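Peer 1: This structure is in structure tokens; I'll ask about it shortly.
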């Protein structure tokens, strides 16, 4: 699978899960979306309606005079001047833009020194402006004569009376915070607190007091303790009532003479007249409102032909609300991030939102209504989103790529449009995926099946070849189980390929081709290309300026040589180049330091002499007022009861002022508390970090670009926040059973199968499985190695089956002649124990940790014993050197098959066999014991080894002898079967010959679990102990093909031992107290053995030497299920219903989840999922990495533990006479297979998946062998 296919699959899965979430919890999602819309639209309360923002008009400064009060141009004659440009303006605004910095900077300065000393110079500037007088031939003119005189503030602004001027000239500066008193400023210990004390606590989008007095947005002022640019910017705002050109020119000349800006290239050519419209402009809204009405009508007209939509007008209204909310959210978010959207220069943006939103609505509607109607609503929504997920994400990625390219063209018009567009796309995607999808799910949910049956479908209008009495909609015939719910399936393609109405064809064409979005993207690319080439301040000019600046021939003179990265610049804050060493003494006032720039003097020769000034000016500084809120000037004039509605003001060119402050002035301007405050000295920053930004044309620096980058970063952060919110909502509200439709929680019903990619639901099928019969009682143990299948029932009978053909190869014990007509039979189980006199057949004791298991030589089966005699082989004693006691001290609990009749004549053996006959009388129907011979030990020793109580509840017809005990565990590898019995006896059988290879004569506690891995056998016992055994053969092992039907070309998955070999089993290690209570679970993999016990703990052993590595504690109940694989991932389940994931390498618990309300009965894992089942009849699927529950499947009663994993994507579960196949990735029910009438009433108690794509189902005393290759081929 390629990367694109994997990415497409992941995106499809994400959209599928999202559709399930929206359809499962519609009301909370709609409420959440509504809150998000309101929160994003809150900044719009302070914005004008579209079309009511201020309008600009520029005129040259040279020769300017106020226009006459009456327009002199004729009616209907075209004119360049707008209609509102008549008469004198309300006021003339003159801003003196001040940039100041402390240079050079060294590490001994504090953060407060960045702005305290520069702000102190504002008082001197204000004093210079107030004292300026124009003297010419006509007389003298002072500021008081030409400025706008204001009176009292409005009565509701008492708090601002000490900050804003009254009864005098309207002059604003940062000094107003301290009533223009330098002493008050110098005595203020907290400048930041004074500036922000009148800031609103909530979100404020209109002009604030700080913006009014500073004249620049707060983020550009540099008055902050955490600024990285050590530069302070503010303006001194003068408001004139009359335009006096000579006075303004003299004021500009004086200020530029006192505070020169040598690198300033600001143009002072134009006046900008700003006209403010009425607060409510209905006329401008008519085109946009008309567009949305047309959108509503078109969607309603189009959806009238879609029968799958319940409320046509409701869907159209939801589409309009989605598009309108997307527009409002975009404008609100842009305002929140610092942009001032007026939509004057981009009226096309709302209409683009309409077009894009309409197309997305049509795409989603078409995709959802095209899904099969027999599916549940949430599955239809999920499949509809999943089918369009790739195209949606591909178009969104393309649009974002075009926007990103356009943003980095450095053209302001393109950058503004791109910022609006990216926020608009994110908000539109958010609303489409949450709001409209949820509303669509609610509408489709109202479309009940009863409503569908009330109207005739289109296919009923077709001529029918059958009689008229045929029903209109064909029902799929249910061959069996007529009581089950019917399934409505789609008709064949010949019925479905009807001619659609024209309006639907238009909708489907737009949705299929996405023509509108592609045309918009193409137009955007062309527009960006034209603006990039023609814009004078765009990327082309910027690159040309960079080349010219670095060229030695640029502009006819040698430009500044670029400094390598390893060379320190002049303003580097290294101590060796600092103007003040850390321990430098304070100098007298009449001395200056080398390299310092004295006031009113040129640059001195020294280390800190910088020919490139740090304070730079760029084209964006000419009209900095544009960055202010559009309500900045109306708010200022409203304070004095002056309205700007239907009037205009004139903005004069900015007067630049540059202030260079040396460190000594910053130190002298400190407040005594500054050194003891929390403003700790900041670490020095490289000079490049606090310069204005990248240099633009002419060597200027465009720090406005950095602002745009910040806005883009904020937009990206907003998108990430929205995604995180969606993720949190998904994690919190995601239904745990979203993958299963139906009435019950997470329970699938027949007839509710999801459809495939072609729109068809997979049918329910019924097959005739291979039924494996031969057990008298319920099957308890199953084992397989892929080619052989071994089963054991409660009666102790072991059957070996061919997993390919279902033939019974061997039965252990072998059947013999019937004894009576009751249906039972005595099978020949007596091996040739009498042939022990043939020497060498019984292996002697070998040195080791414990006595070896006795092996049995192979040979033909001997004749059976008399059916009416008990087994007296236990009384045979070959040790003639020891005198037997007259009576055994311990009872001999041996049960064998026999009639128990005694002889009438002959030697009286009653003293020896009386107890055996009495016991045989209690259980006369039991068969002879299957026991290897004992060559030497005396009878008491044999009695002690095999002393176990008989089974109380055994049926009269049983297969396993009571002395050996019932079979508790079973394992298979190759052709060897390892059996663990309740008496503690371990037996190794040949699966093909049906003979006993070897057994353990040391009777101990019952074997509860077995592990047969390679040549090692591990037995877990009831008393909590572990025994490690090793299989050995006297000749080499060779993989052989066991006897079976021809045609199986594959070899067995494990080694098959040759029949000529003699197998012995030695116990290598014993852990006497592995657990304090019985061991209930045992698994081995990757050289590790994991045990689980009723003492609530797990233990990890090394398989080689039985060394205990870890004891894992985390469950509050007995361990019931354990899983471990080759990746060292361990999962455990207990009676507390919890599932724990462990790291076998470290012994640490990775996660814990409470999965079930009862015991965890089985546990398995795939590469990405953990699958568990419990006594609550639920199968839960968990994410393996996060431990989050994906979904659950409710099983039929008694089928909770019947599950199997065929592959990483396919799960099989059992039901009442059926098996179901599920897609693990999506939780989809793929197919349900019924196993015939014989198994209809039987629950599948156990499922075993074989290597040859076969499934073995345990239905009580019968097994069903099922092959489902079609599902496997489809998934693979």
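Even glycines carry a Cβ here, placed using N, Cα and C.
Here's the feature list from Swiss-Prot:
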CROSSLNK  454  ubiquitin cross-link
CROSSLNK  466  ubiquitin cross-link
CARBOHYD  263  N-linked glycosylation site
CARBOHYD  590  N-linked glycosylation site
CARBOHYD  641  N-linked glycosylation site
MOD_RES   821  phosphoserine
MOD_RES   837  phosphoserine
MOD_RES   843  phosphoserine
MOD_RES   850  phosphoserine
MOD_RES   905  phosphoserine
MOD_RES   934  phosphoserine
REGION    535-710  region 'Loop-7'
REGION    731-1276  region 'Interaction with SREBF2'
REPEAT    949-999  repeat 'WD 2'
REPEAT    1114-1152  repeat 'WD 5'
MOTIF     447-452  motif 'ER export signal'
TOPO_DOM  1-18  topological domain 'Cytoplasmic'
TOPO_DOM  40-279  topological domain 'Lumenal'
TOPO_DOM  301-312  topological domain 'Cytoplasmic'
TOPO_DOM  334-344  topological domain 'Lumenal'
TOPO_DOM  366-401  topological domain 'Cytoplasmic'
TOPO_DOM  445-518  topological domain 'Cytoplasmic'
TOPO_DOM  540-707  topological domain 'Lumenal'
TOPO_DOM  729-1276  topological domain 'Cytoplasmic'
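Where in this structure would I find these features, and how exposed are they?
Peer 2: Listed in sequence order, 154 are the same-chain residues six or more apart from residue 641 (N-linked glycosylation site) with CB atoms under 8 A from its CB.
Note on the region 'Loop-7' (535-710): its mean pLDDT in the predicted model is 54.
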Peer 1: Note down the number of other Cβ atoms within 10 Å of the Cβ of residue 263 (N-linked glycosylation site), including every protein chain shown.
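Peer 2: Around residue 263 (N-linked glycosylation site), other Cβ atoms within 10 Å: 16.
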Peer 1: Please spell out the DSSP helix, strand and coil residue counts for the topological domain 'Cytoplasmic' (1-18).
Peer 2: 16 helix, 0 strand, 2 coil
Peer 1: Below 8 angstroms Cβ to Cβ, which residues of this chain, lying six or more residues outside the topological domain 'Cytoplasmic' (1-18), approach it?
Peer 2: 382-383, 385-390, 392-393, 433, 437, 730, 734, 738, 1225-1226
Peer 1: When DSSP states are grouped into helix, strand and coil, how many residues of the topological domain 'Cytoplasmic' (366-401) land in each?
Peer 2: 29 helix, 0 strand, 7 coil
